[in-house]
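Chemist: Heads up, here are the entries from TrEMBL:
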DOMAIN    2-120  domain 'Amino acid transporter transmembrane'
DOMAIN    134-243  domain 'Amino acid transporter transmembrane'
SIGNAL    1-30  signal peptide
TRANSMEM  56-75  transmembrane segment
TRANSMEM  95-116  transmembrane segment
TRANSMEM  160-180  transmembrane segment
TRANSMEM  187-206  transmembrane segment
TRANSMEM  218-239  transmembrane segment
């Protein structure tokens, strides 16, 4: 899949992935409901185990993970702000994207927590998302020949080499670190919160220069300031959690 030359060439695979995602979430939700209602259901404890400063850091850690989870739509978000007719099509795609994300994540999260309580663990399924495509484009602009066809030997060989190396490196790092949720929190705090909730607000104010007495100015400013605080505190919380978990786990641990 990494050898696909562009986003457009991934459209059929994306459709299959969407259907499989919906099926997986439906099975997971049904399984949680079945287990939760069965006579052999595990004891449920909905109390929050952490107290004090640990609870506070965990809250910001969770916010960063949520930012990563819902940040999957960042590419159609950007494309939905382009000129027509792309804007209308991508806005519809963005609505579908968040409809699927909200439906699947909420049903799995709510049913899983209802069935297992606070004993439910973070899913360690490791995925390499479409966000790797921009990195591939940067590499191929440097090592490929734009004058030749994308499937020519001159361009196919560099793509095969660099994308394969990228996959190997990403898979190795993911396998090394058993606390994948902490890495997601760090990515959310340093990447998705600034990209989704800080930079768009700042760019809007700089570009359109709304009146400083208007709701648009203060609304965007408040969102940017609050998101900045979340990004800073979330970064500290995620790094702290990585250090704590690094003491309990070893590299390539089978957890």
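Heads up, the Cβ atoms here are built off N, Cα and C, so glycines get one too.
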Chemist: Mind checking which residues of the chain, 6+ beyond the ends of the transmembrane segment (95-116), have their Cβ under 8 Å from one of its Cβ atoms?
Modeler: 18, 21-22, 25, 28-29, 32-33, 35-36, 41-42, 44, 46, 69-70, 72-73, 76
Chemist: How about long-range neighbours of the transmembrane segment (187-206): same chain, 6 or more residues beyond its ends, C-beta under 8 Å?
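Modeler: Apart from its flanks, the transmembrane segment (187-206) reaches 63-71, 74, 77, 216-217, 220-221, 223-224, 227-228, 230-232, 234-235, 237-238.
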Chemist: Per DSSP, what is the residue count of the domain 'Amino acid transporter transmembrane' (134-243) in each of helix, strand and coil?
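Modeler: Looking at the domain 'Amino acid transporter transmembrane' (134-243) with DSSP, the answer is 92 helix, 0 strand, 18 coil.
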Chemist: Going by DSSP assignments with H, G and I as helix and E and B as strand, what are the residue counts for the domain 'Amino acid transporter transmembrane' (2-120)?
Modeler: 92 helix, 0 strand, 27 coil
